[in-house]
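Here is what TrEMBL records for this protein:
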- 268-338: domain 'PAS' (DOMAIN)
- 346-396: domain 'PAC' (DOMAIN)
- 397-473: domain 'PAS' (DOMAIN)
- 476-527: domain 'PAC' (DOMAIN)
- 545-744: domain 'Histidine kinase' (DOMAIN)
- 765-883: domain 'Response regulatory' (DOMAIN)
- D814: 4-aspartylphosphate (MOD_RES)
- 28-47: transmembrane segment (TRANSMEM)
- 68-90: transmembrane segment (TRANSMEM)
- 96-112: transmembrane segment (TRANSMEM)
- 124-146: transmembrane segment (TRANSMEM)
- 158-181: transmembrane segment (TRANSMEM)
- 193-215: transmembrane segment (TRANSMEM)
- 235-258: transmembrane segment (TRANSMEM)
Amino acid sequence: MTLLETLQNFYRSGISSELVIDPLIDPWLIILALLFGFNNVSSALHFRPQQQSVRGQSFFKLHAINGVTLAIGIWVVQGLCLIAMTPAAFVLSVSPFLWALVPLVIVCLFSTHQTAYGHDVSRLAGLMILSMVGIAAAHFLALVSLPAINISNQRLPIFLFGLVTASVLFSLGYWHGLIKAREHSDFLPMTKALLSGIAICLAIIVLNVSTAQLIDVVNLPEPRDVLSMDRVQAGTVLVAVSIVTYVAALANFFHFVAKKRHRILKTHTESLETMIQTVQDGVIAVNSAGLVTLFNPAAEMLFGWSAKEVIGRNVRMLIGDEHRYRHDEYINRFFRNQTDSSIIGKSRELTAMKKNGMTFPIRLTLGFSQRDAEDVFIATVCDISEQRQQTQSLRENAKQYRTLIANLPALTFREMTRGRRQMVYVSDSAKQLTGFTASALTGEHGGGSFVDHVHEDDQAHYMEKREEVIRQCCHYEVEYRFVTRNEEVKWLLEVGHSYRSEDGGTWIDGLIFDVSERKQKELVMNNKVEQASRLTESKSSFLNNMGTEFRTPLNSMLGLADVLLESVKEPEQRQHLEVMRRSGNALLTLINDAMEASRFESRAVSLEMSEFSLLQLCQQIEFIARETSDSATLDIQLDYSSLLNEHFIGDARRLKQLLHNMVRNTLIVAPGGGIRLHVYPWEDGVRLAVSGYSSLPESASEAELNQSISSKLMVHLVELMDGFLWYDVKGRTSIIYADIPLACAKSEVNAVSKLEATGFLNPVEIVVVDRLARNQKEISAILLKKGARVQTFTTLSAAVNAMETNPPDMLLIDAYEEGVSEWKGLQGEEQAIEPDKLIPQIIGMAVSADPTPIDQWLARGFDQLIQKPVDTDAMYLALRNCVDQGVDQQKITPISLKPTEATRALFNQHLAMQHWQNKPLFAKVLDGFWTRYHDFPNQLQKETKASERLSQTIKRVRASSLCMGFERYEHWLDNAYRALQNENATKFDEAVQQLESCLSESYEKAFAYLGIRPSFPERDQPKATPSLTIIQGATTFIEALESGQLDEESYFTLILTLSVRLSPLSWRSLFWR
């Protein structure tokens, strides 16, 4: 009989309104259904794993078995309840009853699988509803297995009440057993599984009992071909299936747990092996017989043995000291008295032996383990050779440090300044220095501290100095008086430094020296200085008084000599009178110099600053020297540089006095010859140089010159004007240099401080020979800025050895150096033997006052001649002549004496960096220059004719351009002004057009040199910063500077603010003043 016929037979009796007789329900079968169903359902819920605890195929296999177990548990409850409400003589159809299991299996498998993944409440609620539908379908198919059913609507409310109750119970059990099980990491707890199982089973029982109240089973004859079972057979089958599925689920669960534990054990074992293999210390396992069972790679590297060579052998092969042959005895003693664990878990230092027989120190930590009657010793070995060396070094250093501290002629200390300030360390030399022990000064025994013994008059100053040092964390020195244990007062000098740790704590480390003897000497010295000052004052007063007394009769004698010269006609008498007048003038000059030197020594001379004409002053000196000279053939000339302005600010009287003494001293050193007075710009002032050449074979030496009164007077004058004085005296030649810092007058602007570079030396070798180091330095600086490689020597003999190994291209040598012609002759002979050998061009440096003709210099072996003081223009001209005489043309760029626009650089870095201290400062001023002058070409276009105001403006801009290194921009500015003066509109427009593009290109070149991308600030003039803000910023910066701290951020902010207000020329004068 088919399932369809069975369903038709199920509905053969329709719904009746008659009251159905109460069915007879077997309570023992209901209890049996609850027992076996509860067992299966609870087991399925408890054994169901979560997704996070199981991975791979076991996850799906475990869910399948538990889902089937859950379905069979519900099916068993359903079947036994159905048997319980069936009369004893009735039979059940097997086919519908078995089909009732299908929806249960599908629903349970799907639910157990999906609830292990889901978190969405709506999806989980849908699964619960789907499970209810599957159970209802299974319940319907189970009812079909009955012979026939009459349904009465009289007890429909009871059925509905039971259906709702069953739904609630099932929801509670489903929610806690399947959905909320995700709260646990592995399996559902047993208590929760039991409660959920009993709730689900009760829900199925309530559903069947309420259904029994609604239906009446009719016993209809079954067809013979229908497979059926009676109540006993059906119950037996259900119980058997329940037991089998429970056992299968339990076996699968234990199998899963065993595999999981095996996997965990395997993972732990692999991790342990990995740790042992990768640990940096050697790990060695030894059994009770002393045989090695484990030897990790670190131990292999440590001992030099491989694991295969060591495992199975006695561990004493690794021990290197006296314990090697007693190791087995140690093991036996340990097992005899296992309570003695003095060596277990503790570190010991032993000596081990490598494979090559070398011994080395190790740190051994021993552990003991006993498992399954197997005793294992685990030894961890660490090589401490390096540590022992470091320890030994530290001990030696500590010993040396203690020896150093003990031998220092000073007291060393450390003072902690947090909280209660006290010295925490004082060296043992405190006893010798102060009479107190170190513990007495640190206050260890409750006594006074070090500060308590400082002299009461110095305590306030001492503490104030210490507080300042603690705030600033810097170096300090302080002197004070200290009262020793014997009540003796000593002067101490404390030198130290304060430090600050990361946690904010501060301390001071320092030394204390006994300077009592030095203080006593200073007191004696001060007394002597005061005495000398009084003697100097007395000497000055005496010289002033005596000078007046000397000059009065001397002037009378000189006046009388002049009168007699006018009246006496006899030659012999006139000659005697001339001698008397010259001697008297010389004596008067000597008296004046002595009185002036006395005034300088007594510091009674000061400078009177005013504006004066330097050119006129030099012309007066030239005239006076010529007119007052005893020699009628004196050749004196003035060389005033065209690069200098005429008017300067300074003390004209003292400068005139200095020049007069320089000329007079030159006449002393080089009498009877020529004199040249050179005045030219140098760095931030003016250089005065007086050169002389003596016509006599013998002249005064430099030592004699330094001892004269006029020389001492020159030294005083130069020091008073903050300048520098130096000599270049050799044989008949003499040059006296004086570098004087002079500021240009306000009415003029120094447009250029040096000769403009008009050529460039590619890498060319030049040897400079001059006995004066100052000359070597200045000549080298000039040549290095032009790209040449320079070597300097004092004598020609010293330079010859270097030139043999590295022949130069040129030799720049003092013209009065001996041996030049002989050396060139030898070079000529060598060139005749070796035609490829090149002889360097020789350029001589002769004193400008030397009248020797150029032909004689060339005959002495020189190829070119320049004059000293060195003129840069003449030097480059001589180099050009050397080019024409055969030096490699590729090494020297010829000099153009009249530079054009093409030869002028857009940006000359050498010229720029002569005026600025560093690149960051130059970058700040560069931005200010652009902001101040980028619109200057447009302003020039508005001018129609030349004026004094425009002339001063262009001079200022030209000078600022040269300070920035913008040579070509300065060139076009000059062209524009000249065209405006000549009223040449075409050339003026051309120059103005070139100015704007030239400034942009120069600006880019300058920033390329600085390594910065040009920003081109806004062309609109920025709003000027208020003066009050600038003053406040400057005040803050100066206060920080006075306290010894340089705030670089404030420094550059101040420069950037002022660069808009001041021209680069003004900046230069500020930085180089």
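Heads up, residue numbers simply count up from 1 along the chain you see.
Yeah, the Cβs are placed from backbone N, Cα and C, and that goes for glycine too.
Automated prediction, rather than curation, is the source of TrEMBL annotations.
Helix, strand and coil content of the domain 'PAC' (476-527), in residues and according to DSSP, is 12 helix, 29 strand, 11 coil.
Break the domain 'PAS' (268-338) down by DSSP state and the numbers are 39 helix, 13 strand, 19 coil. Highlighted: of the candidate stretches 28-47, 68-90, 96-112, 124-146, 28-47 has the greatest count of Cβ pairs under 8 Å to the transmembrane segment (193-215). Classification of D814 (4-aspartylphosphate) by DSSP places it within a strand. Counted over residue pairs 6 or more apart, the CB atoms of the transmembrane segment (124-146) and the transmembrane segment (28-47) come under 8 Å in fewer than three pairs, which marks the two as apart. Within the model, the domain 'PAC' (346-396) carries an average pLDDT of 83. Across the domain 'Response regulatory' (765-883), the DSSP tally of helix, strand and coil residues reads 54 helix, 27 strand, 38 coil.
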